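Taken from TrEMBL, the feature active site, proton donor covers Tyr38. Feature annotation from TrEMBL assigns active site, proton acceptor to Lys93. Annotation comment: TrEMBL describes Glu135, Asp136, Asp161 as divalent metal cation binding site. Sequence annotations record features per position, and here TrEMBL assigns (S)-malate binding site to Asn284, Asn315. Feature annotation from TrEMBL assigns domain 'Malic enzyme N-terminal' to 17-150. TrEMBL lists 162-384 with the feature domain 'Malic enzyme NAD-binding'.
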Amino acid sequence: MSSLEQKALEYHKAGSPGKVAIAVTKSVANQDDLALAYSPGVAAPCMEIARDPALAYEYTAKGNLVAVITNGSAVLGLGNIGALAGKPVMEGKSILFKKFAGIDSFDIELDETDPDKLVDIIAAMHPTFGGINLEDIKAPECFYIERKLRERLSIPVFHDDQHGTAIVVGAGMLNAVEMTGRDIANVKIVCSGAGAAAIACLELLVDIGARRENIFVCDSKGVLSKARNLSGEKADWAQDTSATTLSDVMEGADVFLGVSGPGVLSQADVQRMTKQPIVFTLANPEPELRPELVREVAPDAIIATGRSDYPNQINNALCFPYLFRAALDTGATTINQEMKRACVTALAGLARSDARFGKDYVVPGLLDDRLLPTVTPKIAQAAMRSGVARKELDMTAYFERLEALGKHLL
Ligand SMILES: NC(=O)C1=CN([C@@H]2O[C@H](COP(=O)(O)OP(=O)(O)OC[C@H]3O[C@@H](n4cnc5c(N)ncnc54)[C@H](OP(=O)(O)O)[C@@H]3O)[C@@H](O)[C@H]2O)C=CC1
Ligand SMILES: CC(=O)C(=O)O
Ligand SMILES: [Mg+2]
């Protein structure tokens, strides 16, 4: 075991085991408080909510509470390690919701693989929450589960591995492409992985200007090609090509996007790419190829990973706290394409406006305290403009509120 792994075990075990606990927000100091918090007083908000369900946002924690839900079928790049083993990651997402955006969350690990049962279980528990963050549920089931839940529920349902990842990749890609003098419409992109993260990233890259005919995708069996008679989301990305391996399609690639698993990319593959290649090796915790090995064969590369111990951390944690903050604050019924685009632009812009903007700074760092007051209002405005917000915010007051909130968080 490495010393980092040893330290991580000690960190998780120290004091109160795990990373989260519940906080009480009202005084429960005497009999009078008890009579308000519990019986008989609690009946009053119950009856008000029974009369008008929207009042749950005033009398309960619902409006600031998100569920982080997994079934453990695709935990990071560790694979199908099961619901319980995924709990440290879900607790990790919960602390990021809290530390970065002041959002409370329950992590919920469900021992269930049947997509329809998962939809029913999650739908049944939705009254508790203001939003649902699906996490580490494998493709292709994740697409169906999210779609069905979005159809059934009027609170935001967001599969972080799909859309959160896509947003941060989009922001990093816009900046990397500009920095290297490329036009996104002309870049050849090779994506390793054809799962939750990959499909959403590719759709977003097309949304911001990449062209489908320039995109080659590999899964664990090789290149997605017409010859393979694929179905579902994979079929949408199948190319009419005789190439079969990752190495075949890496020839002349401008961009490598890794959202697959550890060690999938070789140095020889990087050498097949164009000058100043863009190499996003995002598998967690172990990337497709370590940055120092990419750098050895491509010193001018723009490199990003999903990890906190290298520059350019492209990780969905850079956006999901702010998307949910904005969605909860505007009472948005969903997180839509306009909100996602606003988030891409805001993240890319924040990095560009920084003196550090360059090869090792294509996206802001996760601990940047400008994220909350800069990115969140842009997403909130997009929610209001696009008609999914139930509340109109005064933007000056909102900005001040976020600044004040941020001071208590990091
Ligand atoms: N940095 C970030 O913010 C994020 C990173 N990720 C990382 O992306 C990876 C995938 O996550 P996710 O999409 O949620 O998982 P999924 O299970 O939905 O998809 C995994 C995909 O990777 C493919 N794959 C597995 N092994 C290989 C291989 N040797 N060569 C090529 N493709 C391979 C699978 O192929 P097949 O379809 O054939 O099974 C599948 O298409 C993980 O490592 C995860 O940590 C994910 C989300 C966010
Ligand atoms: C970052 C993340 O969500 C993942 O690797 O699955
Ligand atoms: Mg994940």
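Cβ atoms are placed via backbone N, Cα and C, with glycine included.
Location within the structure of each feature annotated in TrEMBL.
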residue	record	Cβ contacts under 8 Å, 6 or more apart
Tyr38	active site, proton donor	none
Lys93	active site, proton acceptor	Val68, Ser105, Asp107, Asn133, Glu135, Asp160, Ala317, Phe320
Asp136	divalent metal cation binding site	Thr70, Gly72, Ser73, Ala74, Val75, Leu76, Gly86, Val89, Met90, Asp161
Asn284	(S)-malate binding site	Leu76, Gly77, Gly306, Arg307, Asn315
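Look at the Cβ of each of the binding-site residues Glu135, Asp161, Asn315 and count the other Cβ atoms within 10 Å; the largest number goes with Glu135. Using the Cβ center of Glu135, Asp136, Asp161 for divalent metal cation, the list of other same-chain residues with Cβ within 8 Å runs, in sequence order, Thr70, Ala74, Val75, Val89, Leu134, Ile137, His159, Asp160, Ala196.
Close contacts with ligand 2, defined as a Cβ under 6 Å from any of its atoms, occur at Asp161, Asn284, Asn315 among the recorded positions Tyr38, Asp161, Asn284, Asn315. Proximity of the recorded positions Tyr38, Lys93, Asp161, Asn315 to ligand 1, judged by a Cβ distance under 6 angstroms to any of its atoms, singles out Asp161, Asn315 in sequence order. Across all of the domain 'Malic enzyme N-terminal' (17-150), the predicted model scores a mean pLDDT of 98.
Annotation note: Asp161 (divalent metal cation binding site) sits in a helical segment as assigned by DSSP. For ligand 3, the nearby recorded positions are Glu135, Asp136, Asp161; that is, of Tyr38, Lys93, Glu135, Asp136, Asp161, these have a C-beta under 6 Å from one of its atoms.
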